[in-house]
Amino acid sequence: METQFPPSTLVVDRTTVLSLFAALSVLLTAYAASLRVLHASTTTKLRILFIWHLFDSLIHFTFEGSFLYNCFFTYTSVTHSSDYPHPASLTSPGVYFLGYPDRLYGSKYGTSPTAKLWQEYAKADERWGGADLTVISLELLTVFAAGPLAAYICELIRRRDSGGKLWFWASVLATGELYGGFMTFAPEWLSGNPNLDTSNFMYLWVYLVFFNMLWVWFPSWVLYEAYNNISLAFARASGATGMETKKTA
């Protein structure tokens, strides 16, 4: 990946450690919940599916929900038009987020723990420190649609409903996650990655590659499993229909 950033020195500070621990704690919470609420006979595949979707839901509600909060409610006032837009905003001249020409929105201007978390990630992708319209539009769908849907899928697994309803909604969510990931990074790839800092291992391979590829690997696996399960269901239905036809004949 190309970058316009000069080589940077990685600084691992308290915010870095707490941010990584927060992400790990969400995964551990999802795993602990699977042990508590799932039936002992739940297959390994369904248990992984539950853990992934609960992790997914919690990340959307907490991490990305806090991102939206900072975008809409955290701002600094500006007095000169040259201060607008934020470098990570792709708005056109004369276009202002929420219609305020005298404000810059985003976590970059906050002091809360969630603002600091996104300031940390913004070291790798500057758009997450400001109010990028594409990112915010995607995150609105992620928080208010993908998050609840992931929680609903967890509930289906908890009820031991592993039929067509589970795999249909899991496919819908997985497709949306893959599309969202593409639309998050396609504008960067098409413009030479002006907002991405790939100059050190942490920013490139941990923040940008690892954390974002989770939403490629698991949705792709979900689609693969959904295809197999739906295909098997249709094959069984076709076989049963064929047997009924022969009996009638």
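Residue numbering: from 1, along the chain as shown.
Placement of Cβ uses the backbone N, Cα and C atoms for every residue, glycine included.
Annotated features, as they stand in TrEMBL:
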DOMAIN    45-223  domain 'EXPERA'
TRANSMEM  20-38  transmembrane segment
TRANSMEM  50-75  transmembrane segment
TRANSMEM  133-154  transmembrane segment
TRANSMEM  166-185  transmembrane segment
TRANSMEM  205-224  transmembrane segment
Short question: which residues 6 or more past the ends of the transmembrane segment (20-38) have a Cβ under 8 Å from it?
46-47, 50-52, 54-55, 58-59, 62-63, 117, 157-158, 211
Give residue numbers and ranges for long-range contacts of the transmembrane segment (133-154): same chain, 6 or more residues beyond its ends, CB-CB under 8 A.
49-50, 53-54, 56-57, 60-61, 64-65, 67-68, 71, 89-91, 97, 127, 166, 169-170, 172-173, 176-177, 180, 183-184, 187
Under 8 Å between C-beta atoms and at least six residues away from its ends: which parts of the chain pack against the transmembrane segment (205-224)?
23, 49, 52, 56, 121, 123-125, 170-171, 173-175, 177-178, 180-181, 184-185, 196, 198
